[in-house]
Each structure stands twice: as C-alpha cells, then as structure tokens.
Amino acid sequence: MASESGKLWGGRFAGSVDPTMDKFNSSIAYDRHLWNVDLQGSKAYSRGLEKAGLLTKAEMQQILQGLDKVAEEWAQGIFKLYPNDEDIHTANERRLKELIGEAAGKLHTGRSRNDQVVTDLRLWMRQTYSKLSTFLKVLIEAMVDRAEAECEVLFPGYTHLQRAQPIRWSHWILSHAVALTRDLERLKEVQKRINVLPLGSGAIAGNPLGVDREFLCAELNFGAITLNSMDATSERDFVAEFLFWASLCMTHLSRMAEDLILYGTKEFNFVQLSDAYSTGSSLMPQKKNPDSLELIRSKARRVFGRCAGLLMTLKGLPSTYNKDLQEDKEAVFEVSDTMTAVLQVATGVISTLQIHRENMAQALSPDMLATDLAYYLVRKGMPFRQAHEASGKAVVVAEMKGVALNQLSLQELQTVSPLFSSDVNLVWDYSHSVEQYTALGGTAQSSVEWQISQVRALLQM
C-alpha cells in the first residue's frame, strides 16, 4: 500500500520530499508513453500471481477488469494525473486502487518497478520495431521501384567529389538501398534481443513466491526469459543496440541526403525536389530550399547524441538498477519519433524526385573514360600497371593539345602505345562503357537488374 505521502516507497520515510526534488525525480512527463504496455504487463503478472496461488480467481478478475477500465480512460484521454504520480507505474496503480480498492495492493506482490519498467520498455520497443521495420521497407521499395524504372539513365559517378566514371543512375540509387537493407537486417537482430522477458526478476534477487516466469513469457509472447535477475533489471544493451542501429541508419540516410542536396544545386542540376518536400526563402523569392534533406542530415546528429549519451550513462554504473537508467526512455522515445519522421520524409522525397536526364547526360565527359582506355589496352594483352600509365600519358597529351581525350587521333594514341587500333573508337561510347561492368554488383544493366532482384528478395525475408 502507498504511504500517506502517496509514494509507493514512502513507508520508510518520516519527512516529505522537497518539491524541487519531487519534480526532478519524476518521469511521468515522458514515461506516460508506456501506459498501454504497463497495463499489458500488469495483466499478465496478475494471471501469474493467480497461477502461483497468490491471488484468488475472483481477485484476479477484479484486477483485470480494473486494468481494462484504466486502459479505457487512457484511450479516451480522460485519465487524470496527479502530482504524486511520479511515474507511469505509480499512476496506473493509484488509479486501479481508486477503482477496485484494496485488491489493487496485491498486484505488485513480488514485483519491483525495476523489472516492471524494463519489461514495459521492451514491450514498447517491440511495437516500435514493427513500425520502423515497415517504414524502412517502404523506403527501400520506393528506391528499388525507381531504380527499375530509370535503369537506362546514365550520369557521372563521383569519387572525392570529382567526376570518376559513367554509371547508371539506378546504380547510385541501389548503392543507398543496399545500405538500408543492412539496416533492416540489423533491426531484426536487435528485435531478437529486445524480445527477452525480465519480468519476475524482482528488484535484484529474483522472485521468492513461486511465480512461473515461463508462463509470463508465454502470456506476453516473448521469445525467451532473461537468465540472471541482477542482469535483467539493469542491462540496457538492447537500448544501446537500438540507438546504435538508428545512428547507423541515419548515417546512411544523411549521406544519401547530402548527395541529393548537391545534385539539386544549379551547379549540378541533376535532380529537382518536389514542392511538397521543399521550402522557400522569406527574402529571396527565387529560392527553393531542400529543407527536407537538410533536416534529415541534421537530425542524424541528434540520434548520435542520444546513443553516445546512453553509453556514457551505462559505462559508469555499479551493478544492478540505478536511477540513472530512468534516462533511457527519453532517448528511446525521441529516437523512435525521429526515425519515424525521417523514414517517411525520405520515402516522399525519393518517390516524388524529378531527374534531369539531359543534364546528367551532358555532364558525362570523355576524360571519365580514361580507365576504359586502360582496360582497352589490358584486353590487348598489356599488364594493367603499364596500361594505366599509358592511359595517363594519353590524358597528358590531350591536355597539352587542349582537346578532349576522345579527340586524339589514332596516330597520336599510337605514340603512347602501338596497341591502339581503329576499334579504340568503341571506348568513347558511354553506353558501351557501363555495359562492360557485368560482374555481379557492377553498373551493367544485367548486374543492376540482378541487384534489384536481390534487394526485392531481401524485402520478402
């Protein structure tokens, strides 16, 4: 039973808590997000207590009906919070007692807020996994659909932000889609470690009253139970993994956003964002700003900060539960909200993006085929290092003459290497260039189509 002060732990205290400390200690402002899973866990625990002979069937039914009523009030937005409701567990138990009386005091038998809160968090994150996994799949599907539809479009590939080699536009899209498939796989792995039940661990030593944890595991549809009660209440590996997953996913999304921001400038003019994902300037009427992409790029650092912050919290804690762990939930809630918004906006950007095919084609230049010139000599039997040097010399000759590489005459090329012959003209065909990269993973059409099929298969797993 709660003490006169209304605190679940107040029986040991004679004095009241300083109001500033009371506010400082409270987590109800954010852990109220857990109201539904907190009630879900309590329902399962009440059934576990009845199975262990700690509740009569009538008491269990009374508690379950009361918890249903509490859930209705939350769902209808009429649940009232009071100053003494320091967290979601206190609030729900207080309201349950108001509804059903003293029987509510039996619900917490053998249970600590230590195992209760981490159970709640795992339940909540399990739901979040399903949502984020769906949004991530939708984004990848949008990217693959676009890659398939625009497979014939060629444009410059860049290294060091310098034009490097001709590639398919689809190849660029898929480079980011493939990175996101790894994020999807990682999220599935994190889910496995989220889906482990700590309930029944008590505060530290376990449960002494015969509560069947395997029964609770089945009731809440967890995949396994935790192995050690001390570890169960204090470990937040699953939170750290989730935050790291989000950090890595945001890294990939930020890099894609950076590319698109550059490609959308007048200097590149390869793509144009839809009005739906752009904003303007309050001073300069001509501006169309890629705020959607800039915010994706910026929000990555917020996620990184939450991940680093949690690790800093965890690394200095002594064994078992410490109040520092209260900070984990704000990180999880914020990052979940951020990822939900970012994935949806990124999907909208990709789905509505307009590409300027002519500008992409015009940006291709013969100097980007210098590697192809080296490959030409390799096919004639020259070792690659010699071929690389010969191609480099041809580039120098063209620069000295002030002409494009493809404007060198056959005679001029033959001064570099006698292996050049009239068929060298095939080298200057951009379509021919991309089609030579037929090895799996390359930018030839057959390889790009193979990549598309592989990504689609991954999405079905």
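In case you wondered, yes, glycine gets a Cβ from its N, Cα and C as well.
Predicted, not measured: the structure shown is a model, and the values here were computed from it.
For HIS160 (active site, proton acceptor), no same-chain residue lying six or more positions away in sequence has a CB closer than 8 A to its CB. The active site, proton acceptor annotation in Swiss-Prot covers HIS160 and is backed by similarity to another entry.
Look at Swiss-Prot and you will find SER281 tagged as active site, proton donor, backed by similarity to another entry.
Here Swiss-Prot flags SER27, ASN114, THR159, ASN289, TYR321, GLN326, LYS329 as 2-(N(omega)-L-arginino)succinate binding site, drawing on similarity to another entry. According to DSSP, TYR321 (2-(N(omega)-L-arginino)succinate binding site) sits in a coil region rather than a helix or strand. Every protein chain considered, the tally of other Cβ atoms within 10 Å of the Cβ of TYR321 (2-(N(omega)-L-arginino)succinate binding site) stands at 20.
Here Swiss-Prot flags ALA2 as N-acetylalanine.
Residues annotated as N6-acetyllysine in Swiss-Prot, with similarity to another entry given as evidence: LYS7 (among others).
Around LYS69 (N6-acetyllysine), taking its Cβ as the centre, 14 other Cβ atoms fall within 10 Å, counting all chains. The N6-acetyllysine feature in Swiss-Prot is assigned to LYS69 (among others); the stated evidence is similarity to another entry.
Among the features that Swiss-Prot reports, N6-acetyllysine is placed at LYS288 (among others). LYS288 (N6-acetyllysine) counts 13 other C-beta atoms within 10 Å of its own C-beta, drawing on all protein chains shown.
The site 'Increases basicity of active site His' annotation in Swiss-Prot covers GLU294 and rests on similarity to another entry. Under DSSP, GLU294 (site 'Increases basicity of active site His') is assigned to a helix (H, G or I) in the three-state scheme.
It is THR159, among the binding-site residues THR159, ASN289, GLN326, whose Cβ has the fewest other Cβ atoms within 10 Å in the structure shown. Here LYS69 (N6-acetyllysine) is positioned 31 angstrom away from TYR321 (2-(N(omega)-L-arginino)succinate binding site), judged by their C-alpha atoms. Across the structure, GLN326 (2-(N(omega)-L-arginino)succinate binding site) and LYS69 (N6-acetyllysine) are spaced 27 Å apart at their Cα atoms. Fewest Cβ neighbours within 10 Å among the recorded positions SER27, ASN114, GLU294, LYS329: this applies to GLU294.
Comparing LYS329 (2-(N(omega)-L-arginino)succinate binding site) with LYS69 (N6-acetyllysine), their Cα atoms are 26 Å apart once rounded.
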